[in-house]
Amino acid sequence: MAWFKRDNPPQAKGPAHRVKVPEGLWTKCVSCGETIYTKDIENNLNVCPKCNHHYRVSSKKRLELLLDEGSFTEFDAGVVSVDFLEFKDSKSYQDRIDQALAKGGSKDAIICGSGRIEGTPVQICVFDFSFMGGSMGSVVGEKITRGIERALSDRTPCIIVSASGGARMQESILSLMQMAKTSAALAKLREAGLPFVSILTDPTTGGVTASFAMLGDINMAEPKALIGFAGPRVIEQTIRQKLPQGFQRSEYLLDHGMVDVIVERSKMKSQLSSILTMLYRP
């Protein structure tokens with residue numbers, strides 16, 4: 001049995017050293033489940049390189065992607081939300097505003113201003129979903145209306161990029177009236193023969209969908225964006241039926257005539273420029 005003997009007895013190993021991986025280095029795609037180097041997603045315009053899932057982006061990033069470099073001028077940056085009704089649920093509305101401002105992004109759920117898209121002058125409003133879910137309150141409605149009015153006075157196209165959970169409940173009727181206010185302003189833009197292009201991104205829901213977001217001369221959408229009024233879960237609970245596969249996604253809306261075209265983020269600027277060239281004459 002000597003052949004079972006070892007010439008060198010096993011040595012006790014020291015404790016294993018774990019390699020510390022920085023947080024956020026890798027991202028697991030919420031769509032395909034692949035683990036991807038985060039920088040690869042960021043370098044791909046926040047789109048998964050494996051399955052083409054379009055992640056949400058900030059309003060500032062969206063402006064960078066759509067407008068010519070250095071052409072953007074922001075308007076109405078000083079208009080901020082006020083707690084008119086002294087609304088309080090689990091916390092006060094003012095506390096929610098302060099919490100959103102502390103994130104260091106936008107001062108409200110939208111940024112508006114003027115810029116150029118491949119040389120064409122435009123008025124543009126871009127929602128920021130990170131600010132209270134992109135909800136539309138009196139400030140959002142006012143800034144959109146002013147943007148439309150500037151497009152009227154300057155005779156330029158108007159573009160609105162939506163990403164919103166709908167009307168801001170903390171402002172009650174003051175938020176709901178923004179639906180009529182923005183729609184009335186767009187009616188004047190149409191009477192003047194100036195184009196309005198609505199870009200629908202994930203998610204576009206509630207009072208935003210039920211007003212200006214679906215009133216575009218051209219309604220564009222990003223792939224697989226959630227677009228609807230009530231959410232699919234609420235609808236299923238109400239009608240007590242299972243909804244069709246892909247219901248309320250941009251592809252479903254395209255098939256049913258609610259969206260004119262679906263455009264990937266990387267092609268959005270060039271496609272938008274082509275549309276403006278056809279619809280707008282300075």
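The backbone N, Cα and C atoms fix where each Cβ goes, glycine too.
Note that the structure is a prediction, hence the values are computed from the model and not measured.
Positions annotated as domain 'CoA carboxyltransferase N-terminal' by Swiss-Prot, on the basis of sequence analysis: 25-282.
If one looks beyond the zinc finger (29-51) by at least 6 residues along the same chain, the residues whose Cβ comes under 8 Å of a Cβ in the stretch are 57, 61, 65, 224, 264-266. Annotated zinc finger per Swiss-Prot: 29-51, in sequence order.
Annotation source Swiss-Prot lists Zn(2+) binding site at CYS29, CYS32, CYS48, CYS51, citing sequence analysis. A coil conformation is recorded for CYS32 (Zn(2+) binding site) in the three-state DSSP classification, outside any helix or strand.
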Lowest local Cβ density among CYS29, CYS32, CYS48, which the record lists as binding-site residues, within 10 Å: CYS32
Those residues of the chain, 6+ apart, with a Cβ under 8 Å from that of CYS51 (Zn(2+) binding site): CYS29, SER31, CYS32, GLU34
